[in-house]
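Undergrad: According to Swiss-Prot:
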type	residues	note
COMPBIAS	370-404	compositional bias 'Low complexity'
REGION	341-411	region 'Disordered'
TRANSMEM	28-48	transmembrane segment
TRANSMEM	80-100	transmembrane segment
TRANSMEM	137-157	transmembrane segment
TRANSMEM	175-195	transmembrane segment
């Protein structure tokens with residue numbers, strides 16, 4: 001059998017609480033009840049009313065009716081005792097509910113024949129809890145002896161003075177001395193109560209300890225199999241990446257920073273002439289966006305200032321490019337249009353070197369062909385459309401066309 005070395009989990013504690021196995025410091029609850037009763041007794045137990053009832057009965061000359069006499073005493077007892085009993089019951093119920101975390105032990109109400117098992121009874125008889133209770137009983141005997149000694153030293157004059165007290169004050173003095181004796185006993189027993197609660201808490205968690213196999217099995221039951229959940233996460237990530245890939249393929253160009261930020265820009269003049277952000281990724285996802293764009297022939301422009309500005313001014317994906325960044329985006333689109341016209345072999349536009357705000361062509365030719373058919377430009381593509389591979393406007397094209405390149409930052 002595996003050794004139980006693991007602490008009980010939250011689910012284990014909840015299941016045990018439903019079975020009635022909760023941490024119970026019964027002596028602390030008893031201390032609260034006794035202290036509440038001792039403090040409330042002088043205020044709730046009205047001896048004057050009891051004495052007045054005796055005087056009333058004695059003053060009647062005729063023989064009282066036994067039934068009416070018993071009913072009157074019952075009413076008086078309820079008026080005096082009912083508030084006292086209810087207060088003590090509430091003082092005992094509230095700490096018990098707090099200890100059980102307001103969990104109702106429904107399963108403990110059922111009739112369980114295993115509680116009559118003599119083997120389990122012998123185990124309980126020679127358990128650590130039984131040894132703890134035996135030691136606690138001996139400590140309480142010592143506490144009671146100490147309480148009597150201290151009480152005798154403090155209040156012996158008041159006790160012997162009862163012989164000379166007036167009869168009307170005897171009841172009140174007895175109540176006061178009794179309350180003092182009870183409170184003194186509780187004060188002397190407080191260290192034993194705290195020690196008992198600590199040992200009880202230790203034994204409670206010791207009984208509910210679990211082995212590693214139980215912890216793993218409970219995790220599988222509550223959270224699901226780890227391998228299945230990992231596969232689900234991978235599938236979910238693949239679904240998300242497919243959406244991002246589609247956005248990359250439909251973008252006019254990707255502006256990078258150069259490895260930490262990737263911003264996709266899409267323009268559809270038929271709908272609205274303002275460009276908007278189609279992709280907005282950082283770090284590892286930004287690198288993946290750049291690789292996928294290069295594989296699909298989507299121009300990748302490396303412009304640190306523009307990428308950072310768009311990332312800062314456009315905090316959400318599918319939002320329009322801010323007014324401060326439109327000029328830089330339009331410069332890139334114009335430059336890409338010039339590159340596309342040169343690649344198609346048409347009449348080249350007025351060639352010029354890109355300004356500092358425009359990207360420069362980086363060395364290295366992108367893979368030939370278009371890996372994403374949806375992004376291939378037809379022969380009648382408008383001049384403002386983005387090129388599948390961006391090149392430098394100064395690069396001549398062999399056989400009437402310019403090689404496709406990706407842009408790089410010059411600033």
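Using the three backbone atoms N, Cα and C, a Cβ is placed for every residue, glycine included.
Note that the coordinates shown come from a computational prediction; the quantities given were computed from them, not determined experimentally.
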Undergrad: Below 8 Å between Cβ atoms, which of the listed ranges 80-100, 137-157, 175-195 makes the most pairs with the transmembrane segment (28-48)?
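TA: Going through each listed stretch, the top one turns out to be 80-100.
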Undergrad: Which sequence positions outside the transmembrane segment (80-100), separated from its termini by at least 6 residues, show Cβ-Cβ distances below 8 Å to it?
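TA: Sequence-remote neighbours of the transmembrane segment (80-100) are 17, 22-25, 28-30, 32-33, 36-37, 40-41, 44-46, 49-50.
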Undergrad: Near the transmembrane segment (137-157), which same-chain residues lie under 8 Å Cβ to Cβ, leaving out any that are not at least 6 residues past its ends?
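TA: Residues 177, 180-181, 184-185, 188-189, 192.
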